[in-house]
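Notes follow once the structure below has been shown.
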């Protein structure tokens, strides 16, 4: 009897917390000797700044297609039984989960490796954008996995648009609170920034 191959990909709209148990139950199976999970949560500080929440936006149809493609690639590289990937949109307060991945396999090595691959690829290639909201301002953040991959993609494509976009927080007191400054420089000066969650 052939084992059932299962994949679940979901993007949750705002104000829908992730039910970790739902996804663990989805990948559970008698033939799976291992379940590996990753839970990305909002932490309370980043580089000395107090974090209030993270806010996520996505191009949902493309995000779902890309995550399904990542799941297919994981299946072709590791012997996994089931995989579930869920990402939350909107506001994600401190301590809550924004992304969760569960992978089951006969052996732990396949489950662990596929789970790591899935989160790394999600961060590098899925059109989900994160804004960090601090007690004294906010800034859109690029994932370091995306930034690391971008130079090779722009070289491969012959892209003319490989520019650094840097958001700088400025401590100003005005009617609108903190302001952000956007600067563009040559692609050779791309720098990575630390990330808050995941």
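Cβ coordinates are placed from backbone N, Cα and C, and glycine is handled just like the others.
Feature list (source: TrEMBL):
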- 107, 108, 123, 130, 131, 132: substrate binding site (BINDING)
- 176-198: region 'Disordered' (REGION)
- 186-198: compositional bias 'Polar residues' (COMPBIAS)
Over all pairs in 107, 108, 123, 130, 131, 132, the listed substrate binding residues, work out the largest Cα-Cα distance in Å.
37
Please report the number of other Cβ atoms within 10 Å of the Cβ of residue 107 (substrate binding site).
13
Indicate the candidate from 108, 130, 131 with the smallest number of other Cβ atoms within 10 Å of its Cβ, considering only these binding-site residues.
108
Run through the Cβ atoms and count how many others sit within 10 Å of the one on residue 132 (substrate binding site).
21
